[in-house]
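Working notes for the structure below.
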Amino acid sequence: GTIHLFRKSQRSLVGKLTHEFRLVAADRRSWKILLFGAINLICIGFLLMWCSSTNSIALTAYTYLTIFDLFSLITCLISYWVMMKKPSPVYSFGFERFEVLAVFASTVLAQLGALFILKESAERFLEQPEIHTGRLLVGTFVALFFNLFTMLSIRNKPFAYVSEAASTSWLQEHVADLSRSICGIIPGLSSIFLPRMNPFVLIDIAGALALCITYMLIEINNYFAVDTASAIAIALMTFGTMYPMSVYSGKVLLQTTPPHVIGQLDKLIREVSTLDGVLEVRNEHFWTLGFGTLAGSVHVRIRRDANEQMVLAHVTNRLYTLVSTLTVQIFKDDWIRPTLSSVPIANNILNLSEHHIIPMPSLKAGDNLNPVTSTPAKPSSPPPEFSFNTPGKNVSPVILLNTQTKPYGLGFNHGSAPYSSVLNQGLGIPGMGTAQGFRTGFANVPSRYGTNARGQPRP
C-alpha cells in the first residue's frame, strides 16, 4: 500500500469537541440557544452573589433551577447535533442515545443539587443564621422571569417528550386535584388547568411562591427558620419532579421495551406468525433507541419451499408500522439425516484377541450359507433391524473395541466387564477356537487376516 510519511495526527478530545461545536454553531437555529445560554450564565453569576449577600439557602435552592435551565439548553444543542449527524460504522443506530444520556445526566445532577440543599438545611436547623431580605425578592423575580422565558421561548424536544411520557410527579398530582376543584367552580379554566401542567413551569411557580412567603414572614416576624423550611420544600419539589424523568430516561438507556407498546408488539408478532410460509418467530427483542424511536430484531423460521424475499417483505411491512429500525433474520427449516459412513478397514484391525466382530449377513439371494453358523439364509427374509442402510448390499462390518484378555481356546470373557462392554456381551461366538473366530463371512475383507506371533502372515 501507499506509505504516508507525514500522516496527519489524530485530534485530541478537546479538538474533537471544538470541531463538533463549530458544526452546531454553523446552524442558525442554534444561535438562539447560544444567546440564551450566555444570558443564563450572567443570571447565574448575579444570583449566586445575591445568595451570598442575603445568606438565604432558599434562594440558593431556587438558583439551582436556573443552573438546570443551562443543562436543558445544552441538551437542546445536543439534539440539534444529533439531527445533523448520520449513522456511522461505529454508531450504526445513529446518535439518538446521546440526547437520552443528556436528559438523564441533567435530571440526576438536579437531584444531587437537591440532596446537597437538604444536607445544608439539616445543618442550619441546629444553628440558624440571620437572613438579609434586601435582595431576596429581587433575586426571586429575576430567576422566575428568566426560567419561564427560557422554557416558553425555546422548544426543547427531548425534555418536552420526557415530561409527557414519564409518570406524573407528586406535585403534578396535587396540583391536578386542586385544578379539578377550581374548574368545578369556574368551568372556563378547564382548558388551562385540567391538562397535565408542564412540570418545569410548575416547579418554577411553586418555588417563587415559597420564596415570597419566606420574604413576608421574615419581614413581619423575623422568622429566619422559614428560609430553611422553604429550602427543604424547594429541594423536595425538585427531587420529586426530576425523579420520574430520570427513571424514564434510565430505562431507555437500559434498552427496555416501553410498557405502553408491549400489547401492540404482541399483536404484531401473532400476525407475523400466521403469515404464509412462517413456521416460528423467536428471539424477538425490541427496545427504545431514542425518544419516540423503537428498534428491534427478530428471527423468523420459514418452510423449505417458501420464498425468503416474499416473507421478509411481509414481516417488515407488518412490524415497520411500530418499529422504525428493524433487523429480520430469515432462515429455512432444515433437519439432519443420519448417515452411516463406510471407511476402509485397516490390516491390523482383525486381531481377535483385541476385538469382537459382529457379522452382518449379506442380503443377496445367492448367499445361502453363512460360514459362521452354517444356517441357510432365507431369500425372502426381511433385512435385519439393526442395518441402518437398508436395502444396502455392501454393508461394512461393525467392529467394537475390546481391551480385555481371553483364555486360549475360548470365545467368551471371564471376570467383571466394564459398563461400556455390557451391551456387547453375547455378540461374540462362544465355543469356537481362534482359527474359527475370525474367519467370518465378510465379502469385502481382504484375504490377509493378520499376522502370527512371529510376524509371518497367517494362511
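Every residue gets a Cβ built from N, Cα and C, even glycine.
As annotated by TrEMBL, domain 'Cation efflux protein transmembrane' applies to 34-254. Annotation source TrEMBL lists region 'Disordered' at 368-391. The transmembrane segment annotation in TrEMBL covers 31-50, 62-83, 95-116, 136-154, 200-218, 224-243.
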Of the stretches 31-50, 62-83, 136-154, 224-243, which racks up the most C-beta pairs under 8 Å with the transmembrane segment (95-116)? 62-83
At an 8 Å Cβ cut-off, counting only pairs 6 or more apart in sequence, do the transmembrane segment (136-154) and the transmembrane segment (224-243) clear the bar of 3 or more pairs? no
Quick one: find which recorded stretch in 62-83, 200-218, 224-243 has the most Cβ pairs under 8 Å with the transmembrane segment (31-50). 62-83
